[in-house]
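Here is what TrEMBL says about this protein:
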type    : residues                     : note
BINDING : CYS54, ASP56, HIS109, CYS112 : Zn(2+) binding site
Amino acid sequence: MISDSIFTLTHDSKLDDLLAANQQWSKTMNDLHPGLFREYNAKGQNPHTLFIGCSDSRYNEGCLGVLPGEVFTWKTVANVCSPEDLTFKATLEFAIRCLKVNKVVICGHTDCGGIKTCLTGQIEPLNDKEGLNCQHLYQYLQDIDQMYHEEKSQLANLPTLDAKSKYLSQCNVKRQFARVIENDTVKTAIANKELEVYGLVYNVDSGLLDPVISN
Ligand SMILES: [Zn+2]
């Protein structure tokens, strides 16, 4: 099939296309990294890092140049880490206590849809039952909206929407970082000198990471 896109699949792709793409991917991975599946991944995982990122389609733990088996991953909308979220607490326990990762990366990104929704005052339409009908997302993004309101005076000094959006991405990494290091599992591991936590922002226009904060 001839396509003018660099992407593998589209909205028109069906299960057969997904399975064909998977066959090709598996073969390519085997050619590039002989033994990756059979000699390494088949025998278990020993990840060194927990990667917490936004669910955005433009980045994941692959930005670290890693192979399957190296990084345990949790992605959420706008990389929000709510302290009482069971998934948050369980993921940290599994990664740190069971898998023994010694690094946690909390990685936000530029041009984040969740952040831009709040920044451009588009959060209220999410709650419209006759419109977008996204009540859960509306509720979920209250944390980001609150951050936006807290940062309003700083944002006023920034010239463009892109600059404001990137600034809020950095603020959000610091906000979620503070929650990660307050988690009991993380706290204990840091006290035992078994864990480092890094806050980063991924630039979708370059593929590069900016360090923001670390413990
Ligand atoms: Zn995002």
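Even glycines carry a Cβ here, placed using N, Cα and C.
Other than CYS54, ASP56, HIS109, CYS112, the residues of this chain whose Cβ falls within 8 Å of the Cβ centroid of the Zn(2+) site are, in sequence order, GLY53, SER55, ARG58, TYR59, ALA78, ASN79, GLY108, THR110, ASP111, GLY113, GLY114, ILE115, SER169, TYR202, VAL204.
In the three-state DSSP scheme, CYS54 (Zn(2+) binding site) is classed as strand. For the recorded site, CYS112 (Zn(2+) binding site), the DSSP three-state label reads coil. For ASP56 (Zn(2+) binding site), applying a Cβ distance below 8 Å and a minimum sequence separation of six or more within one chain yields HIS109, CYS112, GLY113, VAL204. For CYS54 (Zn(2+) binding site), the same-chain residues lying six or more positions away in sequence with a CB closer than 8 A to its CB are LYS75, THR76, VAL77, ALA78, ASN79, CYS107, GLY108, HIS109, CYS112, GLY114.
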